[in-house]
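Encoded as structure tokens, the structure appears first; notes follow it.
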């Protein structure tokens, strides 16, 4: 394994069309949105966190789209690049009924929706009591690949996220957190 935690031959690339990182093996021509089998997720989390904190060259950064990471185009000098877009972070708890019941932490999510709801309500209470921030909790607990980046989704506009997620995110005032939002991906807490 390399220092990314990925199995030999695998690299992290960014999709130009979707602005999402994905995993690719040039030798086998395989590509996937979720880390490939055999990934050391702890090393991958460290690698992705370092990637986020590394100084950007030109426009770009890391973020997420319903459980996958997405680059955010950060405009310079008010050039309108992010006009009509918002920036948000989230914490995702998947369950066995989620559209893709696997995560950066587990190959097969087996918890029920009710168990996932109990977990996310506990997270919400901890965040609202100021025991911990959403970003801090996302690093260790989110089932989303954005977890190592504190759940940062980057900038996104209308039509780029699942409808329930988008509606909740756009309804928030900057600095505010949603209640539990359910999408096909699982249960989210969203902070604008």
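Glycine too: its Cβ is placed from the backbone N, Cα and C atoms.
A TrEMBL annotation is a machine prediction, not a hand-curated record.
Under the heading compositional bias 'Basic residues', TrEMBL lists 92-103. Taken from TrEMBL, the feature domain 'WW' covers 4-38. Annotated domain 'PpiC' per TrEMBL: 83-192, in sequence order. Residues annotated as region 'Disordered' in TrEMBL: 91-111.
Among residues of the same chain six or more beyond the region 'Disordered' (91-111), those with a C-beta under 8 A of the stretch's C-beta atoms are 34-35, 37, 41, 44-45, 67, 119-120, 123, 134, 137-138, 141-145, 147, 151, 184-189. Assigned with DSSP, the residues of the domain 'WW' (4-38) fall into helix, strand and coil as follows: 0 helix, 12 strand, 23 coil. The DSSP breakdown of the domain 'PpiC' (83-192), given as helix, strand and coil counts, is 36 helix, 23 strand, 51 coil. Confidence in the domain 'PpiC' (83-192), given as mean pLDDT, stands at 92.
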